[in-house]
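**Student:** The structure is given below, and queries will be raised subsequently.
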C-alpha cells in the first residue's frame, strides 16, 4: 500500500525530519509535518525491521515537539496577569485553606480538560462549539457559546484593567512627581495607558492561529519567572512581615476604612494586618477567593481551538491533554502558589482592596516601577489568546447561519470586523470601570467558569457515557450541523462549493479502533489484512475526524459512516467513549463521583460569589 505525499494545507508547527527520505517510508512529511503512515511491509521482512526504529523515533519526536510548542502558549494564556490576583485571595483564606482550595480547583480543571480532549476525539469534532452540537444539538451549542463568550470577554476586560493599574503604579514609582506634572497620564487607574496598550497590540490583533504566538509566549514566560523570583526575594528580605502576625493598630494610627477594620488595616505604613496560617473569618471570603482560583485555572476555551493545529489522531489528543495538565497542575500551580503565599506574607491583606499585587508600594521604589513596566510589556501578548478564542466563539455562532462558500469568501473581513469590535468594546468597558478587578472576576467566574470549566464538560461526559448524545442516537445527526470554520478554511473555494462531505456525519479517525498515529510496532506491519485500508486524505485534510475527504477510500465513499469496533446503538455510531466495565471501583469514581463533586463544588462557589458581588 503506497501513499501519495500529502498536500500543503496541513499542520504548521511541526518541522521535523525523522525517517528516511523516501516519501513512502517516512512518518512525517518534511515540509508540512502532517502524519503519514509508513509503507506497510510483511512481518519479518528486512525492510520492516529497518523501518521500525525510525518510525517509532518519529512518533516520539511528534509528541515531544507538540508538547514543547503547547506549554509556553498555554502558560501565556493561563498566566497572563493572573498571578497578580493571588496575594489578595491567599490573604482572605490563610495558607492551609488557600492551598487546599487551589489543589481542588486545579485538579477539577485537569479532569474536565482531559475529558474534553477525548470527547472531541471520539465524536470527531475540532472545537468546543462543534462538540456541543454533536452532543446536545443547536440549543446546547448556543448555551456553550454564551458561556465561553462571557468567560473570555470578562477576562479581556479584566486584562485591560490590570494593564492600566499596574503600568500606572509603575510610572508613579519611577517618577513620583508625575502626579503633579502629568496627572492625566496616571489618574483614573491608567485609563490613558490602556489606550497605549491597545495601540501596541495592533500588529497581533488579526492573527489567524494560536501557533503564531509561540515566540512571544517564550519571552513572556521568562518575565513571569522573573516576577515570581522578585516576589519571593522581596518577602524574604523583609522577614515575612504579615505572616501570622496579628497586627495591633499603633498609637495614633486609625482604621483607613470601616470595611478594612476587620482586617486590622490602619493608615500607617507599618500596619500590615494579618495573614493567617490557618483559619478565615467568613464564608464570603472563601467564596471570593475560590472565584479567583477558578478564574486563574480555567483553560478549556483556550485549549479547544488548538485542536485543528495538533497532529491527527490520538497523538494530538494525548499531547494536548498532557500539556494542559502539566500547565495547570505543574508550572501554573507552582507559580500561583508562590505568588499567593509570598505576596500575602509580604503585604498582608493590604492587597485585598485593589486585588493587584504590583499596584501596591512594596518599598522598592524605581526598581519596582521598572518591574511593573517590563511585566506589563511582557504580558501584553497574553491578551491575544483570549481575543482569538472569543472571536472563534462569536464566529462559530455567526457562520452557523451562512453557506460554506460565504463563510470562505468573507473570512478575512469578518475576522477583522470581529477582532476590532471585541477589542474596542472590552477596552470601553474597562475605561468605564477602572480599578474594578475584583467585581469583574467575581461576576465572570460565577457564570463563565461554572459553565465552561465544569457544567458543559460534565454534561457532555454523562450524555456520551450513557449513549444519550445526539451523534450516538441518530445516524444523520451531523447532516444539519453548522459548518466548522476550521474545516472550511482548510479547503480551496472550489472544494468548499463541491465538497459533498461537508454536511456528512464525521467519523472516528481510526478503523477498528487502532489509531493511525499509535506507536508503530512490528505486529502491525503486516499488510496481509485486507481491512487494513485507510484514506490518506483523512490524515492531512484536518487534524481530527471531522475533516476528511470521501474521494480516496472505498469504505469512505459510502454514504454510511465507517463502523468502529463496537456495536451500533440507535442506528448511529458507538464511539466507545464508555468504558467496557463501568462498575469497577476506578470507573465509578472517574465517571460519577468526581464529576458530582466538581458540579457541587462549582455551584456552591458560584452562588456564594454572586451573593458577594451583588451585596
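Cβ atoms here come from the backbone N, Cα and C positions, even for glycine.
Pulled these from TrEMBL:
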{"type": "DOMAIN", "residues": "76-463", "note": "domain 'Amino acid transporter transmembrane'"}
{"type": "REGION", "residues": "498-533", "note": "region 'Disordered'"}
{"type": "TRANSMEM", "residues": "55-78", "note": "transmembrane segment"}
{"type": "TRANSMEM", "residues": "84-108", "note": "transmembrane segment"}
{"type": "TRANSMEM", "residues": "142-161", "note": "transmembrane segment"}
{"type": "TRANSMEM", "residues": "190-208", "note": "transmembrane segment"}
{"type": "TRANSMEM", "residues": "215-233", "note": "transmembrane segment"}
{"type": "TRANSMEM", "residues": "286-307", "note": "transmembrane segment"}
{"type": "TRANSMEM", "residues": "319-345", "note": "transmembrane segment"}
{"type": "TRANSMEM", "residues": "416-434", "note": "transmembrane segment"}
{"type": "TRANSMEM", "residues": "446-471", "note": "transmembrane segment"}
{"type": "TRANSMEM", "residues": "588-607", "note": "transmembrane segment"}
**Student:** Between the transmembrane segment (446-471) and the transmembrane segment (286-307), are there at least three Cβ pairs closer than 8 Å, leaving out pairs fewer than 6 positions apart?
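**Tutor:** Contact between the transmembrane segment (286-307) and the transmembrane segment (446-471): present, because at least 3 Cβ pairs are under 8 Å.
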**Student:** Give residue numbers and ranges for long-range contacts of the transmembrane segment (588-607): same chain, 6 or more residues beyond its ends, CB-CB under 8 A.
**Tutor:** 104, 108, 111-112, 287, 290-291, 294, 445-447, 449-450, 453-455, 458, 461-462, 465, 579, 582
**Student:** Between the transmembrane segment (84-108) and the transmembrane segment (319-345), are there three or more CB pairs that fall under 8 A, provided the residues in each pair are separated by 6 or more in sequence?
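**Tutor:** When sequence-distant Cβ pairs are counted, the transmembrane segment (84-108) touches the transmembrane segment (319-345), since at least 3 lie under 8 Å.
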**Student:** Is the transmembrane segment (286-307) close to the transmembrane segment (142-161), in the sense of at least 3 CB pairs under 8 angstroms with a sequence gap of 6 or more?
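**Tutor:** Since 3 or more Cβ pairs under 8 Å link them, the transmembrane segment (142-161) and the transmembrane segment (286-307) do come into contact.
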